[in-house]
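Chemist: One structure coming up, written as structure tokens, with questions to follow.
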Amino acid sequence: MANHSACQNDASKACGSGQKAMEERLEAFSLDNKNTQETTTTGVKVDNRNTLKAGCQGPSLMQDFAFQDKIMHFDHERIPERVVHARGVGAHGYFEAYKDWSDLTAADFLRNPGKKTPVFVRFSTVLGSRGSPDTVRDVRGFATRFYTDEGLFDLVGNVIAPFFVHDAIKFPDIIHSGKPHPSTEVPQAGTAHDTAYDFFGSFPETIHTVLWALSGRGIAKSLRQVDGFGVHTFRLINEQGKSIFVKFHWKPLQGLSNLLWDEAQKIGGKNIDFHRQDLYTAIAKGDYPEYELGVQIIKEEDANKYPYLLDPTKLVPESLVPVTPLGKMTLNRNVENFFAETEQVAFCVSRIVRGIGFTNDSLLQGRLFSYPDTQINRMNSVNNMQLPINRPINGVHNNQRDGYMQTNIHKGDVSYFPNHLGGNAPAIAEENQGGYIEYPEKIEPGATKIREQVSTVDDHYSQAQLYWNSLTVYEKQQTVDGLRFEVGKSVDLGVRKRMIDVLNHVDNGLARRVAAGVNVPLPDKVTDNSGHTTVGLSIEERPHPPHIKTKTVAILTAPGTNVKDAKAIYDFLKKEGAYVEYVGPALGDQEGLEITQTYTTTSSVLFDAVYVPDGSEAIKKLTTKQSTFPYGEPLVFVMDAFRHCKPIGASGAGVELLKLAKVEGGEKDGVFIGEQSSGLLEGFKHALIKQRYWTRMALDPPM
Ligand code: HDD
């Protein structure tokens, strides 16, 4: 039986703080059916295998309470999916500050190095519905809840630094334009259609973010390898009441990576849960993902150096304000129950703790209303914060009462303040008694109520240029390819022309390259590209960690594979922490090799690298068209890996397969060939660290 203990209300009293306490609290609500007998929701033991009928073939009886109990609950099992960010995956973990940051903030979780503050993170795509594929091109959400000893702090960010629009009142417009067409509900989970590009082309403040989403940033390879951004400028306020502006950043210690568009689409068919499984697997195997939390700090007196500071369509370049790392988050526990935790977690931008404050960014201000509102719609009650995943760890005391699904039993008759009857409890927490610190921000003197946008928003193009200019040639090519696909899916010529016009204001070369692919006349130059660049934006230039932990490698085999050669590479990679699988024609034991994937169950897009060991009999089988491989699956495996710029290796007779798959090049191109796998181990490992050999990518000829 579940133990709904005293943790329910005052968790701090009953359970203490920290990740252990958080686990115990969730555990207190967990239910296990082991060694029990079936009951109704009222606890009555029943046999509910058959409905109650008047005779075996007779009419069902209204009085069948066991049937009603079961079916009624089933009928109500779903709650509305999130209107955006419906598809997501969550994990638990903890955050630890690197040092005492009291000079910056009064926030407890940033002032106590060594203290582990529990966190829950949910990654998501934006546009798709709950069952949509993980690898669609989209912005991804990166929402983190800190269960601090001073209440919940929800940092609800994205993996892309800027946002499409600067004013929350435009949010329904952009989302409606990106969602499937209302007439047909097609297409699912992406912006490659007319209405999205109609909006982007008509509202050029979106272009900076559109370029991020169309580059590798929109097709993450792994959620363990994405940056996170708070997007808005926030305030930190210290105990002395001094405030600074900050931009929050998460930087993954696993490095950054992205998929190629061809790869992303194929994975979408082969394994729609690609990102979820990647995260679950790494955590289950103890390869805990880590992300560093940092801030760009802008002193209040320097704010006017960055006139776009409160405009979320812009970022503050890291070349001007570097990121100061504050601490590290480790994700170390998978959820026990997807619905209870990942689905019911109710992130709200307005959940903030002392030492952190909002700014006048109008997108942020609008979000403060939208999130609590949407959670009431999803959970059908203002009491959604009483759900186990949503309860603050430090206990809740106030005079709020009642409402749907109230689970607390409040004592006494006093539910107002001030009160003599209850000794004026709960007492007011002044700012100097641990209460939330309201920063006494000055309001613009003589300001009038006005529905107008701030002038920095009018500069749509300089940061779009900054982003474009900061990409490598290969990243630019991926962005052009992405745009050709997406704009090319717009049937309406006017939509395509307007989009090319917007791109032309960023960079004429970019616009001409895309135009050439979507049947729009090549535009003349209308603007000069400033040529400005900044650091931290390119995925390719981000250093990779010097190990191959969690890298996935397929070893292609068939009966006749040289077992010694295959085992040498397998054992080496496994020892180095990679996730290695033997792929063969059938599952199970194959001459001493344990085959865990077949050429039907998997494909090279699901791996980081491919290796073909020696064994002439096996290679004959893998390369000859026969009933086992009617479409030359092993060759396609290697061809795809080559096309997607992944490391490829082969030893002995395995080299023949590479030749037939038209794999060219040597070690500098990521192709490792030798007599025996044991001679290639270190080289192959370094290729895996490098991840991709972009020089294999076909670039546009100069136009
Ligand atoms: Fe939002 C969900 C991120 C602008 C309204 N948003 C949601 C989630 C993330 C973001 C990560 C999913 C949270 C989860 O995992 O449960 N949203 C952002 C970012 C934005 C942004 C980084 C710009 C900086 N959002 C934004 C605006 C509005 C909303 C301007 C409305 C005015 N967002 C919502 C919402 C959602 C949501 C409707 C849907 C489901 C939910 O809240 O829980 O309230």
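Using the three backbone atoms N, Cα and C, a Cβ is placed for every residue, glycine included.
Straight from TrEMBL, here's the annotation block:
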ACT_SITE  HIS85  active site
ACT_SITE  ASN158  active site
BINDING   TYR371  heme binding site
DOMAIN    39-425  domain 'Catalase core'
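Thinking about packing and proximity, how do these listed features fit into the structure?
Modeler: For the recorded site, HIS85 (active site), the DSSP three-state label reads coil.
For ASN158 (active site), applying a Cβ distance below 8 Å and a minimum sequence separation of six or more within one chain yields VAL139, ARG140, GLY141, PHE142, GLY228, PHE229, VAL231.
Cβ neighbour count for TYR371 (heme binding site) (all protein chains, 10 Å cutoff from its Cβ): 16. In this structure, TYR371 (heme binding site) is part of a helix by DSSP.
On the 0 to 100 pLDDT scale, the domain 'Catalase core' (39-425) averages 97 in this prediction.
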Chemist: Given TYR371 (heme binding site) and HIS85 (active site), what distance in Å do their CA atoms have, once rounded to a whole number?
Modeler: 12
Chemist: What are the non-local neighbours of HIS85 (active site), defined as same-chain residues 6+ apart in sequence with CB under 8 A from its CB?
Modeler: SER124, THR125, VAL126, GLY141, ALA143
